[in-house]
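Participant: Taken from TrEMBL, the feature transmembrane segment covers 20-38, 76-96, 103-119, 125-149, 192-214, 284-307, 319-339, 348-368, 380-404, 416-439, 451-471. As annotated by TrEMBL, domain 'Major facilitator superfamily (MFS) profile' applies to 25-475.
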């Protein structure tokens, strides 16, 4: 076989280099998570910075900084970001369908940057709140668009790992924010908080420039009947020639799946709630609910109010503890990128919920039984928080986004993901708004303090029950095969049906052969090492539209 043969992969480079290229192209979009993670990490530090409290709060002789925020103002400042993200998540779907996934992410960076600029230059509460709203709007767009982009671009064998990169990027953002906050907290002027906020412009710029270079998703291009461009995009994403059988087989699968969806006539938001053999309504419920349960697990209490919580518990160096907890979150989320595609979605979500439940009950019990001067108790409290964060970061944090990105059919994917992301931000807003009233001890507040973890522990029981009855196992399946899982099995029996799909006993449709079947027909074989062999005289199949 000559070196210019369409199926000769040597000119493209080694398999290791090809895989690295595939991962880099799809994983980069996850950098959008840094924008959200950094913002949540920043605000929990600002709530304890003296100059920021002096600028946006009011004098308080009882506070260690000499200033404090009234509960209503604290609730507004923290939660307004989530109000913006809720609107942005819903708006992300029509923008993604009109402009495409890639250009929509670019637009999101501009909206986010506007919000950051307003916050950095703010000297009054109204401007700061307005800036957080626009930043939230940009993050909301990104939270819808990044999982869609990654799900539609990633190879199915590592899709879970690549989509998990988004959650890992969130934790990296939180870690970076904790480090910057710790470095600037002792400054005695506006720079103490303006530097922390302004750094976000750098993250937006990196994402903006990178997305200009990345290809559009092949599935969106097929949806727009731009099949030739879709083939080029898919070839670039797989680091293979456009005429390669694997590229053409995957493209055929996408085209066939879209054709079946169009024959079914699904395209509107109302269709997201339609009953039928494809179980679209159930998928929408699953996407909305998995994001709701993720928020109800209590993670944003630590994300938004972690430093405040450590301070109230009498823990020394709360900013350093924040860095340590962020390191745990980042490390465990990185681990999840491997275990999501090896252990599977259902086991991770189920057992993750159990571990979180135990930790949160223990945090609540320990918190109400020890004093703020009990050093051993404080260490145990921090350890339990770290274990809880580790459990969340390796399970519910990333896997909820993986599930959301892969359960919807192509024609409804943008709309379904936007509804799911909107659910995430709606609950995020509700909990961010309500938490100060639940934990603070002022007039009109519930004064629960650490006892709020009894609530989070109880909701984790709901997470486990929901997982058992509603989450299918989709590990290793193409997005088109996920449709078959919903059509022919239940979440409880999905693992068994998935094994049939993986064994080749079912396919997307009789008219759509798998890539292995195409290879067989064309005389293409793989030896034990995975090298490609081709019978002499074979002409490569090329999709003609």
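These residue numbers are counts, starting from 1, taken along the chain as shown.
Placement of Cβ uses the backbone N, Cα and C atoms for every residue, glycine included.
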Participant: What same-chain residues lie close to the transmembrane segment (319-339): Cβ under 8 Å, and 6 or more beyond its ends?
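Facilitator: Those are 41, 44-45, 48, 160-162, 164-165, 167-168, 170-172, 174-175, 177-179, 181-182, 185, 302, 306-307, 310, 348, 382, 385-386, 389-395, 397-399, in sequence order.
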Participant: Restricting to the same chain and to residues at least six past its boundaries, which positions have a Cβ under 8 Å from a Cβ of the transmembrane segment (380-404)?
Facilitator: 147, 159-160, 163-164, 166-168, 170-171, 286-287, 290-291, 293-294, 297, 299, 302, 310, 313, 315, 321, 324-325, 328-333, 335-337, 339-340, 345, 348-349, 351-353, 355-356, 359-360, 362-363, 366-367, 370, 416-417, 420-421, 424, 463, 471, 474
Participant: Looking only at the recorded stretches 103-119, 125-149, 284-307, 416-439, 451-471, which one has the largest tally of CB-CB distances under 8 Å to the transmembrane segment (20-38)?
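Facilitator: Highest pair count goes to 125-149.
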Participant: By Cβ distance under 8 Å, which residues at least 6 away from the ends of the transmembrane segment (125-149) in the same chain are close to it?
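Facilitator: Hits for the transmembrane segment (125-149): 29-30, 32-33, 35-36, 39, 56, 73, 76-77, 80-93, 95-96, 101-102, 104-105, 107-119, 163, 166, 200, 204, 217, 401-402, 404-405, 413-414, 417-418, 421-422, 424-425.
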Participant: For the domain 'Major facilitator superfamily (MFS) profile' (25-475), report the average pLDDT of the model, please.
Facilitator: 91
Participant: Check the transmembrane segment (192-214) against each of 103-119, 284-307, 348-368, 416-439, 451-471 and return whichever range has the most CB pairs under 8 Å.
Facilitator: 103-119
Participant: For the transmembrane segment (416-439), which partner among 103-119, 284-307, 348-368, 451-471 gives the most CB pairs under 8 Å?
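Facilitator: The listed stretch sharing the most Cβ pairs with the transmembrane segment (416-439) is 284-307.
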Participant: Based on Cβ pairs under 8 Å, which of the stretches 103-119, 284-307, 451-471 lies most in contact with the transmembrane segment (348-368)?
Facilitator: 451-471
Participant: Cβ under 8 Å, sequence separation of at least 6 from the ends of the transmembrane segment (451-471): give me the contacting residues as numbers and ranges.
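Facilitator: 282, 285-286, 289-290, 293, 296-298, 301, 345-346, 349-350, 352-354, 356-361, 363-364, 367-368, 396, 403, 435, 438-439, 491-492.
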